[in-house]
Amino acid sequence: TDYGSSLTVSLPAALQPHQPFQIIVRYTTADGPAIWWLDPELTYGNAKPFVFTQGHSVCNRSFFPCFDTPAVKCTYSATVKAPAGIQVLMSATQSSYLEEEGVYQFYMEYPVPAYLVALVAGDLIHADIGPRSRVWAEPCLLPTAISKLSGIVERWLTAAESLYGPYIWGRYDIVFLPPSFPIVAMENPCLTFIISSILESDEFLIIDVIHEVAHSWFGNAVTNATWEEMWLSEGLATYAQRRITTETYGAAFTCLETAFRLDALHRQMKLLGEDNPVSKLQVKLEPGVNPSNLMNLFTYEKGYCFVYYLSQLCGDPRHFDSFLRAYIEKYKFTSVVAQDLLDSFLNFFPELKEQCVESKAGLEFERWLNATGPPLAEPDLSQGSSLTRPVETLFKLWTTEPLDSVAAASSVDLTKWRTFQTVLFLDRLLDGSPLPHEVIKKLSECYSSQLDSMNAEIRIRWLQIVVRNDYYPDLYKVRRFLENQMSRMYTIPLYEDLCTGTLKSFALEIFYQTQNQLHPNLRKTIQQILSQGLNPLPAIDTTAVTTDTPAMMLEDKVSEATNGAISLRDVNVSA
């Protein structure tokens with residue numbers, strides 16, 4: 001199971017209280033939820049095998065014996081032996097390599113929770129992209145990674161430091177992983193893991209990296225002590241991410257990205273229901289439930305809205321920045337609960353404590369934490385109207401009957417829009433699908449060729465519109481897309497949509513043509529999707545299949561809904 005079994009060590013009776021002692025556990029591990037082994041053909045270069053670990057949230061107990069809870073932090077050291085030509089990296093502040101022995105040594109000098117211990121090994125090379133940052137990738141991907149990130153990561157780190165104090169981890173390196181990586185990004189200290197597939201989507205890459213930068217303060221330095229309060233890491237990191245993007249890219253861009261995410265939050269809430277307990281910030285973790293199943297857009301966006309509300313109580317966000325700097329300084333290298341944050345907030349702003357803001361009718365802190373449903377208040381996004389208004393206008397042109405505004409709509413050049421504008425527009429069309437046949441036909445005539453040349457985040461949304469509307473003239477593009485995708489986030493949503501409608505046989509055909517290029521875990525997941533409502537599919541080779549990883553998140557809940565694709569499309573923010 002995901003939880004594994006406990007290891008009990010009996011200590012000598014003569015051991016005195018608080019007396020230091022050492023325990024040595026000899027163990028082996030091969031397959032497990034944390035460890036992903038890839039054959040060469042599952043990498044971009046097809047040259048060498050690859051392995052990475054993904055510990056969030058309770059997977060690292062299959063990697064090494066540990067206290068696998070965010071409440072416990074410790075330093076660690078590791079010795080790793082690897083064949084010549086295989087580069088090994090870990091989430092550590094210090095490393096060395098003895099070439100003649102093929103041995104790497106790693107040491108993390110600061111205490112971290114078990115889930116932040118991470119390892120990756122494969123055909124990786126690097127390039128410096130700043131004074132304290134380098135990017136690691138397979139040789140064929142490195143030039144792209146350099147061109148996307150050279151110089152700007154330092155800009156983001158400097159902006160974050162100006163807001164929240166010194167970056168304490170030394171280096172901030174990034175490693176791009178093959179498309180089998182089960183989530184978008186993971187904030188492993190000193191070494192952020194990111195899926196290579198996101199490299200083609202510039203704005204998503206920016207947001208994902210900045211979110212992981214923000215975790216260096218919120219999540220890594222100060223961690224939620226219990227998985228029932230993941231918002232303490234994710235909500236604060238999302239708030240910090242948006243403060244950083246406001247400082248570096250302006251308020252309009254930040255408001256556009258926020259509008260896109262809040263749209264997704266309301267979409268998920270419509271799926272799950274406003275009274276669903278997973279919409280609480282302090283969600284109850286029942287025995288036997290994998291904590292990652294509780295990770296959803298409420299963790300990020302409802303958490304963000306609460307943090308934003310706290311910042312607004314201060315009047316000036318810079319005052320709230322000062323509080324967060326003090327909060328980090330007080331609690332760094334420890335784990336906290338919500339009461340620690342809220343008590344610190346009220347103590348930092350005694351005038352707010354005197355006003356009893358924690359008990360303001362309808363906005364009580366307790367209600368924020370324990371009420372189901374949407375956020376009690378949402379941010380003012382009017383500063384993004386220059387970017388969101390064109391989206392709203394175009395959407396109305398296409399969805400207002402009678403459809404007599406095609407000429408005006410078709411004159412809009414989506415190639416001049418920002419990615420987040422285009423995905424916001426397409427997501428709203430998805431929400432309204434199925435559309436009248438005349439509308440989908442005209443949409444294809446106006447935009448299909450434009451969208452063909454855009455990034456995968458945009459193309460997958462258009463293809464979902466094609467599938468949900470059974471628009472057969474563009475189905476060949478769905479096939480072509482799936483034939484060239486190996487990542488969970490760009491395959492599962494389409495397969496879920498194909499199997500919800502009348503196109504399951506089409507999905508089966510594509511799957512059997514492409515299954516050998518997919519990781520066994522992903523093959524297994526798609527097979528489960530295809531099997532719903534059918535006789536069992538023929539068995540496929542699932543050698544090394546491990547328990548499905550946290551990327552599935554709300555799969556069980558969402559698979560019951562009509563449009564299950566939303567589960568992955570909207571939750572793959574990052575870890």
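Cβ from N, Cα, C; glycine included.
Pulled from TrEMBL, these are the features on record:
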BINDING   His211, His215, Glu234  Zn(2+) binding site
ACT_SITE  Glu212  active site, proton acceptor
ACT_SITE  Tyr300  active site, proton donor
DOMAIN    386-530  domain 'Peptidase M1 leukotriene A4 hydrolase/aminopeptidase C-terminal'
Checklist outcome for this item: Restricted to the domain 'Peptidase M1 leukotriene A4 hydrolase/aminopeptidase C-terminal' (386-530), the mean pLDDT of the model is 94
Checklist entry - Can you tell me how the residues of the domain 'Peptidase M1 leukotriene A4 hydrolase/aminopeptidase C-terminal' (386-530) break down into helix, strand and coil by DSSP? => result 113 helix, 0 strand, 32 coil
Checklist entry - Do you see any of the recorded positions His211, Glu212, His215, Glu234 whose C-alpha is within 10 Å of Tyr300 (active site, proton donor), and which ones? => result Glu234
Checklist outcome for this item: Out of the recorded positions Glu212, Glu234, the residue with the smallest number of other Cβ atoms within 10 Å is Glu212
Item to check | Under 8 Å by Cβ from His215 (Zn(2+) binding site), counting only residues of that chain that are 6 or more apart | outcome: Glu187, Ser233, Ala237
Item to check | Number of other Cβ atoms within 10 Å of the Cβ of the residue listed as 'active site, proton donor' across all protein chains | outcome: 26
Checklist entry - How many whole Å apart are the CA atoms of Glu234 (Zn(2+) binding site) and the residue listed as 'active site, proton acceptor'? => result 10
